[in-house]
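S.K.: Mind having a look at this structure? Questions to follow.
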Amino acid sequence: MSKDLLRMKTKQNGNGLSSSGWEMRPGGMLVQQRSSDSYQSSVTVPTIKIKVKYGSSYHEIKISSQATFGELKKMLAGQTGLHPEDQKIFYKEKERDSRSFLDVAGLKDGSKLVLIEDEISKEKRFVESRRNAKMENALKEIIAIRLDIDKLAKQVANVEMDIYGGKKVTETLLLSLIELLMTQLIKLDGITADGDLKLQRRMQVKRVQKYIETLDMLKIRNSALGNHNAKVQMHHKNGIFTGQMPKSMYYNQEQRKRVSFADQRNPGPVVVTTKWETF
């Protein structure tokens, strides 16, 4: 190339771009501009045909000379089945970065490259994909458990309304609900989760614990309802209801004193609390 032609191609305008559509790269290489503004050259970007060796096979690729090696890897993924992140491309015995441009690396029509599989990157992707799959499964399990807890919560609410309304329920129903809720706790304990999923799991654990504690309190109240009903039935059995309890059901004066003294030491009903282990 003559000095006059080189001078014409490297003539810079006010924006630091060559008026003829060329730019000087570090190292002194002269390449076409990649600017998309009004100073972009109208010169057509050439397409080159290169050969890539992978194992015992050769793959011919037609690609823009101004494409990156990353774009080349995407094209090779379709022909070789290798994920772009699992590829290593060598040109002139040097591995090329995915962000580097083909023309800057010196590729031209007929250039030959070598492709090998990056085992380390493949292993990392495999581990990451398995981790993501586990987190996805954990999320599905938590959602399913949450729906089951929602159903049990409605049953607990119905039982609570009955008991506080003075209606006695069977002990079996209360024990069955507690057992079903404990089953959900066991399921939640078997889920391995991190970050946001761990918080979601913990939230469901606290919900289950709250409902079990509620049922424990309802058992006490339900039992008290049974004692009251038994007294009323005995009273009716002995005779016509007069609004007064039979004499046999009254405490004598000394017994009343003992009861009164006991009430002062232990005011109010006995409260059962449940101690939970932290998950």
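Every residue, even glycine, has its Cβ placed from backbone N, Cα and C.
Unlike curated entries, TrEMBL annotations are predicted automatically.
Note that the coordinates shown come from a computational prediction; the quantities given were computed from them, not determined experimentally.
Below are the features listed in TrEMBL for this protein:
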- 1-25: region 'Disordered' (REGION)
- 11-21: compositional bias 'Polar residues' (COMPBIAS)
- 46-116: domain 'Ubiquitin-like' (DOMAIN)
- 141-219: domain 'BAG' (DOMAIN)
S.K.: Summarise the domain 'Ubiquitin-like' (46-116) as counts of helix, strand and coil residues per DSSP.
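M.R.: Across the domain 'Ubiquitin-like' (46-116), the residues distribute as 19 helix, 30 strand, 22 coil.
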S.K.: I'd like the per-state residue tally for the domain 'BAG' (141-219) from DSSP, helix first, then strand, then coil.
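M.R.: The counts are 68 helix, 0 strand, 11 coil.
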